[in-house]
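Per TrEMBL, compositional bias 'Basic and acidic residues' is recorded for 334-364. The region 'Disordered' annotation in TrEMBL covers 334-378. Look at TrEMBL and you will find 45-63, 83-105, 112-134, 140-163, 175-195, 207-229, 241-263, 300-323 tagged as transmembrane segment.
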Amino acid sequence: MQRNFLSQQFNAVFLAENSTACPANATICDGTSCVLSEDNFNQTLSVVLSTVLTILLALVMFSMGCNVEIKNFLSHIKRPWGIFVGFLCQFGIMPLTAFLLSLAFNILPIQAVVVMIMGCCPGGTASNVIAYWVDGDMDLSISMTTCSTLLAMGMMPLCLFIYTKMWTDADAIVLPYDSIGLSLVALVIPVSFGIFVNHKWPSKAKIILKVGSIVGAVLIVLIAVVGGILYKGSWIITPKLWIIGTIFPAAGYSLGFLLARLAGLSWNRCRTVSLETGMQNTQLCSTIVQLSFSPEQLELMFTFPLIYSIFQLLFALLILGGYRLYRRRHVKTTTDVEKSAPKEDSKSAPKEDSKSAPKEDSKSGAKINGGLVSDEMK
């Protein structure tokens with residue numbers, strides 16, 4: 001028995017030293033994936049950056065709250081049609097898509113479970129920042145993120161029980177309710193302060209919003225870069241997970257937009273629901289994975305949350321770029337038409353309408369951020 005143990009140790013050392021796929025200091029390596037042991041540098045970097053990123057994220061959500069009006073936010077709560085559509089997307093479309101992708105690519109059961117965990121996670125706060133830049137309905141975006149995080153405490157166990165029982169016992173998956181609760185608190189408190197500032201000092205809220213939106217965009221990219229640095233030793237995994245990590249967020253964005261449009265939501269709300277559907281809370285998924293599986297199991301799917309995070313960001317930036325190009329062209333066309341219109345029309349228009357009405361893209365339903373007014377079911 002001792003001889004077999006020594007033989008296993010020798011084989012592990014030999015693989016670690018001679019495998020071209022994994023670095024020499026990998027703790028787990030089978031030629032297809034590897035996990036590096038944590039060093040002091042990574043631990044220190046993780047703690048420092050986690051603290052800094054948490055503070056920055058709270059400030060960004062505070063600035064996003066500065067674009068939310070209490071009246072419009074409460075209207076979504078009282079008439080939650082948009083929230084309900086988002087709920088169907090978040091806990092209906094995403095888990096089902098994860099299940100179908102796992103079956104279609106015939107991945108290992110343990111890999112299918114981590115894909116399902118990602119599909120069952122609530123929306124991430126990055127969606128609020130991107131929703132601002134695509135002139136989405138910020139009141140709906142923040143209410144959807146808040147509600148999905150709150151409902152995740154019940155919906156995640158239910159979805160995982162339904163979809164993962166063919167691969168594993170649902171009881172083996174550890175759900176960190178404390179992390180979900182902290183995510184909810186980190187979202188609600190800064191946003192509440194932002195709403196209060198917008199109510200009391202609207203002019204100052206606009207300045208905070210502009211600064212926060214820029215910081216938020218930089219923060220999203222920074223988080224992706226930091227994740228790549230911290231998990232640099234675990235990039236080599238099965239190509240099937242790379243493909244799923246590419247298709248999954250794209251499917252979430254597309255199906256979320258389609259369902260919202262079929263439900264009769266305006267264009268700006270369709271963009272909002274699309275982003276809330278495709279952008280998942282990948283940090284929560286990583287936490288669940290690390291709490292639920294052994295190091296031997298982690299080697300098979302350790303970096304899938306990071307892969308999903310990168311591609312969800314990439315597709316979100318493509319959506320943002322496409323929308324900005326469209327809006328620039330459309331606004332230019334609209335301005336040219338307005339210049340050629342008779343001056344009498346502008347004089348005959350009531351003054352209060354020009355002041356109170358938000359700037360809106362009549363074709364796309366875009367409310368230029370700064371005055372997002374609910375327009376559905378009026």
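Even glycines carry a Cβ here, placed using N, Cα and C.
At the 8 Å Cβ threshold, with sequence separation of at least 6, the transmembrane segment (241-263) lacks contact with the transmembrane segment (140-163), having fewer than 3 such pairs. Within the chain, the transmembrane segment (140-163) has long-range Cβ neighbours (under 8 A, six or more residues past its boundaries) at 64-65, 68, 73, 76-77, 82-83, 86-87, 90-91, 95, 98-99, 116-117, 119-125, 127-128, 131-132, 170, 173, 175, 177, 180-181, 183-184, 187-188, 191, 269, 272-273, 275-276, 281. With a cut-off of 8 Å between Cβ atoms, the residues of this chain six or more beyond the transmembrane segment (112-134) that come close are 57, 60-61, 64, 67, 86, 90-91, 94-99, 101-103, 141-142, 144-145, 148-149, 151-152, 155-156, 159-160, 163-164, 167-168, 173, 180, 183, 187, 209, 213, 216-217, 219-220, 223, 241, 244, 248, 271-272, 275-285, 288-289, 301, 304-305, 308, 313, 316, 319-320, 323-324, 366, 369.
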